[in-house]
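The domain 'SAM-dependent MTase RsmB/NOP-type' annotation in TrEMBL covers 24-296. Under the heading S-adenosyl-L-methionine binding site, TrEMBL lists 111, 112, 113, 114, 115, 116, 117, 135, 180. Residues or ranges marked as active site, nucleophile by TrEMBL: 233. Summarising the annotation, TrEMBL assigns region 'Disordered' to 358-390. Taken from TrEMBL, the feature compositional bias 'Gly residues' applies to 373-383.
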Ligand SMILES: C[S@@+](CC[C@H](N)C(=O)[O-])C[C@H]1O[C@@H](n2cnc3c(N)ncnc32)[C@H](O)[C@@H]1O
């Protein structure tokens with residue numbers, strides 16, 4: 001690295017590390033490590049390993065993560081554009097591994113942009129349960145939303161809120177919360193020299209104040225018995241062990257799950273050996289700190305809360321059980337009869353029309369085909385834009401007919417209309433009322449001026465070719481995949497299409513790269529018209 005490390009920082013590290021200091025400081029002479037993580041929503045770890053165009057070496061703390069080595073350019077391969085892997089700094093893959101996410105969980109990622117850890121959480125959820133992902137900075141939520149779309153996440157909601165407002169809307173709601181805290185970034189100095197330039201001796205204290213507030217909000221949004229993982233990419237004690245020690249002393253209902261000193265994780269410093277550190281002179285990765293915090297809610301309390309709802313939904317005995325289970329619902333839903341809809345996981349199944357109680361919007365929308373090509377604008381406060389209209393049933397029918405032909409079923413979830421744009425959400429609209437919502441769910445598409453349903457790009461990226469009545473696979477090795485990603489029209493003979501029995505060859509076709517969905521095309525008479533959005537194209 002060329003930037004000069006701040007003297008105060010070096011002095012402090014000498015004090016922290018003692019005899020290890022020389023070894024630590026030598027790491028700044030080496031380049032940072034690069035990594036990718038398999039997106040297991042689309043590809044298995046073994047398959048990625050077999051197909052990878054560059055050498056992969058496993059990362060010890062993340063079963064789906066790999067070092068890519070020098071010379072690899074993972075961002076310049078069609079597989080990146082098909083969302084098969086996320087490019088991520090190796091140490092940054094550790095916090096989500098400690099969060100213990102299971103399919104079906106309700107997970108909140110409070111400081112999420114640009115979405116590295118959110119996409120990792122989504123892969124662990126495997127489409128079941130929900131991910132509410134948030135960032136305070138509006139500009140940064142654009143990349144967050146785009147990453148959820150690129151990686152084929154169906155059950156994600158993107159917010160642009162303060163943690164306090166999220167906690168107020170969702171008290172005691174989430175099973176697991178990740179706080180990948182804004183921090184002074186000392187652990188990233190080798191990778192990001194701008195962080196060195198921005199650092200001042202008072203920077204850690206400035207962030208510590210923010211971190212305290214975020215932890216407080218997370219504690220309020222967590223359900224009894226739930227887990228919070230707090231992580232930073234800094235070495236400063238006041239943002240790491242001291243921050244967590246302070247939190248624990250003010251929140252006796254939480255305890256630290258000891259992970260430091262096990263496997264690849266070094267023990268935490270000073271008062272908190274059970275917290276975990278990744279040191280750049282001990283592992284192949286940048287500096288990271290992690291603490292796993294468990295709420296000690298009693299099993300009994302937990303059973304009366306959200307877990308009881310999940311169970312009731314699973315058993316199909318919904319109506320009677322749901323009434324008991326109000327405790328774990330978002331505030332906006334308390335007192336509502338239809339608790340069932342709050343807990344449906346987003347998996348493919350037939351949905352009765354009566355399961356969609358929300359009105360289609362008759363109002364204006366900012367979801368035109370903008371840069372992202374599929375409604376990339378902000379939706380505004382959920383519930384604020386949509387005017388109840390009489391067109392709900394008609395709009396839904398247009399969508400349902402289209403999607404039934406395309407997929408053979410109607411994906412489960414709550415339809416949320418913004419103008420003519422439809423999202424399928426893991427939560428009902430009311431749960432998001434008053435919150436700045438960037439993406440209320442999986443973007444399905446829009447009704448155009450001619451009254452036809454036009455499928456959105458994120459609908460395609462989250463589908464498997466076997467789900468779709470028409471698909472075509474392009475070869476990454478031949479150059480045709482890159483032509484598609486550049487937006488070119490392709491000649492594709494009918495024999496290359498996979499068409500399900502009873503379906504015609506003409507129409508929207510899922511375009512795949514070596515069998516992995518990448519976007520839409522419209523096939524007719526040997527020509528595949530390109531529907532890959534302009535803002536996503538290969539340049
Ligand atoms: C370390 S970065 C997150 C990286 C992200 N988790 C990932 O894996 O891609 C911290 C993020 O916190 C956001 N942030 C800063 N203050 C915040 C606050 N008070 N509440 C929520 N997010 C905040 C920043 O905009 C930044 O995107």
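Residue positions begin at 1 at the first shown residue.
Every residue, even glycine, has its Cβ placed from backbone N, Cα and C.
Predicted automatically and left uncurated, TrEMBL annotations should be read as such.
With a 10 A radius on its CB, residue 115 (S-adenosyl-L-methionine binding site) counts 28 other CB atoms from all the protein chains. Taken residue by residue with DSSP, residue 117 (S-adenosyl-L-methionine binding site) is part of a helix. Confidence across the domain 'SAM-dependent MTase RsmB/NOP-type' (24-296), taken as the mean pLDDT and rounded to a whole number, stands at 97.
Other residues of the chain with a Cβ within 8 Å of the Cβ centroid of 111, 112, 113, 114, 115, 116, 117, 135, 180, the S-adenosyl-L-methionine site, are 109, 118, 133, 140, 144. Listed in sequence order, the residues of the same chain lying 6 or more apart from residue 180 (S-adenosyl-L-methionine binding site) and placing their CB within less than 8 Å of its CB are 95, 109, 110, 111, 112, 117, 231, 232. Cα of residue 113 (S-adenosyl-L-methionine binding site) to Cα of residue 233 (active site, nucleophile): a span of 15 Å. For the pair formed by residue 233 (active site, nucleophile) and residue 115 (S-adenosyl-L-methionine binding site), distance between Cα atoms is given as 15 Å, rounded to the nearest Å. Look at residue 111 (S-adenosyl-L-methionine binding site): DSSP puts it in coil. Farthest C-alpha pair in the S-adenosyl-L-methionine-binding residues 111, 112, 113, 114, 115, 116, 117, 135, 180: 13 Å apart. With every protein chain in view, the residue among the recorded positions 111, 233 whose Cβ has the most Cβ partners within 10 Å turns out to be 233.
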